[in-house]
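The following features are taken from TrEMBL:
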{"type": "DOMAIN", "residues": "74-133", "note": "domain 'Cadherin'"}
{"type": "DOMAIN", "residues": "134-242", "note": "domain 'Cadherin'"}
{"type": "DOMAIN", "residues": "243-347", "note": "domain 'Cadherin'"}
{"type": "DOMAIN", "residues": "348-450", "note": "domain 'Cadherin'"}
{"type": "DOMAIN", "residues": "451-559", "note": "domain 'Cadherin'"}
{"type": "DOMAIN", "residues": "560-664", "note": "domain 'Cadherin'"}
Amino acid sequence: MEASRKLVCKQRQVFFFFLFLHLALAGFEFRRYSVEEEAEGSSFVTNLAKDLGLGQGELFRRGARVISKGNKLYLQLDQESGDLLLNKKLDREELCGQTEPCALRFQVLLENPLEFFQAELQVIDINDHTPVFMDGDMLLKISENSLPGTTFPLKNAQDMDVGQNNVENYIISPNSYFRVLTRKRSDGRKYPELVLDKVLDREEEAELRLTLTAQDGGSPPRSGTAHVYIEVVDINDNAPEFEQPFYRVKIPEDSPKGFLVVKVSATDVDIGVNGEISYSFSQASEDISKTFEINAMTGEIRLKKQLDFEKTQSYEVSIEASDPGSLSGKCTVLVQVVDVNDNAPEVTMSAFTGQIPENLPETVVAVFSVSDLDSEENGKVSCSIQYDLPFLLKSSMENFYTLVTERPLDRETRAEYNITITVTDLGAPRLKTEHNITVVKDINDHSPVFNEREIILKIPENSPTGTAFPLSNALDLDVGSNNIQNYTISPNFHFRVITHNRSDGRKYPELVLDKELDREEEPEISLTLTALDGGSPPRYGTAQVRIEVVDINDNAPQFQQLLYEVHIPENSPVGSLVVTVSAIDVDSGLYGKISYTFFQPSEDISKTLEVNPETGEIRLRKQIDFETVLSYEVDVKATDGGGLSGKCTLLLQVVDVNDNPPEVTVSALTSSIPENSPEIAVAVFSVSDPDSGDNGKTTSSIQDDLPFLLKPSVKNFYTLVTDRTLDREERFSEAFLTRIPTSEIGFIVKVGITTFSPLMYLY
């Protein structure tokens with residue numbers, strides 16, 4: 001219990017001590033001192049006795065003490081001299097870090113009498129730290145298509161010093177592409193930013209190694225470095241390039257399917273997927289696609305089918321090498337097909353006379369040409385016949401030969417010759433072809449014969465005169481003058497025939513139009529074509545020529561009447577036939593088919609009438625009313641299948657029927673009349689009837705036994721007047737009727753004195 005009281009007592013003493021201390025310090029001047037960090041212990045800070053205005057030894061007598069926060073002993077006081085000294089070496093970065101200023105607060109306590117002074121010691125930074133990069137190696141991946149002026153932030157260096165002794169500047173090692181800018185953050189720290197000055201090219205320089213230096217502002221300055229590795233990222237900016245822009249290859253035409261023609265090769269200086277190459281044909285024709293195939297990965301071109309020199313001597317193939325970025329390069333492969341002797345010579349007869357007259361030397365028997373699809377020596381040929389025949393081979397122009405009789409032939413000696421024409425090429429091995437012909441001495445024992453007994457021509461009727469129409473020729477097995485010499489046609493008004501010579505000597509007919517055709521006048525013409533030979537007597541053959549004149553749409557439809565005037569009663573029911581219009585078109589087929597329509601009908605016409613497009617029947621679509629419309633007029637159009645048309649006019653007169661009763665309109669009516677007054681006007685009225693003619697004419701009358709008269713005034717107007725004086729006592733009222741055919745109007749007239757207001761009833 002006693003120990004507890006002592007502890008409480010001490011705590012109260014400490015509390016009151018600091019309370020007094022705080023009150024004492026409240027009114028005193030605040031004093032500041034400074035010292036550079038890293039100053040040695042016992043270094044002089046200030047003379048407190050002098051600063052406080054105390055005499056020598058007074059600090060000692062008054063029990064002066066230095067009190068620091070947390071009782072840390074950074075300072076010591078020499079009470080005799082009054083000097084305030086460092087207790088130990090101070091490290092500003094350890095004490096305050098990056099806080100600036102770095103101030104250590106302390107108090108000076110004088111105990112007798114009690115007095116306090118506040119003060120602080122500022123630790124001045126010295127440049128004792130070097131800038132340090134936390135990452136000594138930095139890696140940047142920069143695309144080679146980055147634009148000049150693009151910036152790339154770099155990691156900054158750390159410097160424990162503050163103020164001017166902290167990092168002030170960054171520099172980069174000399175290079176051709178980049179410079180560095182020193183930027184300042186909002187907290188005052190500085191960081192580097194790399195700026196691209198020149199476009200990168202990965203293919204020229206794929207990687208850059210730079211040194212980044214951070215310098216502080218000390219004197220002398222300290223610096224730290226870091227390595228910046230720049231990896232230039234590839235873009236697809238290089239197209240594949242072939243090792244050769246042109247490949248020339250020779251390959252025998254008998255090379256097998258799958259044979260390697262050539263291997264093309266391209267390179268792409270891009271890397272990765274941008275450098276991968278795919279080979280393909282560029283705009284290959286169908287023939288090239290069927291003949292060759294290319295390996296997309298290796299560039300090998302191989303045969304897909306057998307080559308044939310005789311069909312194609314060379315192929316020009318465009319090859320494209322593409323990378324995945326769609327860039328491409330091209331080269332051309334010229335494949336020359338090398339001929340091998342794989343074709344025998346061929347004989348083509350241009351003209352041949354199987355029958356020849358006797359006793360005529362150098363008669364042409366045949367004209368033929370020889371050819372060989374192979375080239376050079378393989379395509380050169382020689383031609384011969386048997387040596388023991390009375391015939392000669394004469395070379396005319398290149399590769400053409402004429403077979404002629406060497407001397408006159410005698411049918412009685414030999415009537416038939418079998419000739420073998422042998423053609424041999426000069427290739428290795430040699431190939432040959434033989435062609436056999438038979439020649440006999442001719443007599444005119446055959447008539448011309450047409451392959452077609454009937455020749456049908458379809459000629460448009462608008463064909464101009466002078467137009468020629470080739471006809472099938474006749475055949476005659478005889479030769480020379482015994483063959484066909486002329487063609488004739490039967491007499492007619494439109495055509496003549498011309499005989500032409502072909503290059504092989506045969507003759508053929510051609511029909512020529514001399515007079516224009518008109519299908520509507522003459523749709524078909526029948527002629528006889530005759531072929532005559534030159535024998536004596538001549539032989540002939542005939543064929544029938546049937547000419548069908550093809551219709552053109554040269555006639556428009558024509559109505560049988562240009563005006564159809566029709567009268568129809570107004571009470572005709574809906575659907576009644578008004579009239580049937582009719583047009584004809586002398587053209588045939590589609591051009592003669594007619595369709596009927598109204599031409600630009602009004603809305604009223606369209607609602608009232610309808611026309612059947614096939615028959616031309618025009619019928620009522622609704623009830624007509626004479627009193628509303630007296631007549632209708634509309635154009636009707638007839639159109640054929642070719643778009644030609646004709647028109648007529650329909651005038652429809654509506655015939656009135658007596659379907660309206662007369663109407664009476666009272667213009668004036670006297671309600672009462674005085675008695676004893678003759679010829680008093682009782683009423684004025686008009687009579688009308690909407691019908692026409694006799695149907696609209698009316699007559700009016702009243703009963704005969706009444707004292708009234710009807711007097712007509714202007715047209716259809718009447719006045720009802722008293723015939724004599726009336727006596728009220730005799731008859732209070734008179735009822736009378738005005739009679740009109742099919743209509744009556746009645747009046748009741750009351751007679752009284754003038755002061756009486758009688759009533760009149762109309763019924």
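Including glycine, each Cβ sits where the backbone N, Cα and C put it.
Any TrEMBL annotation is an automated prediction that lacks curation.
Counting residues per DSSP class in helix, strand and coil order gives 3 helix, 55 strand, 51 coil for the domain 'Cadherin' (134-242). Each residue in the domain 'Cadherin' (560-664) gets a DSSP state, and the totals come to 10 helix, 49 strand, 46 coil. This prediction places the mean pLDDT of the domain 'Cadherin' (134-242) at 90.
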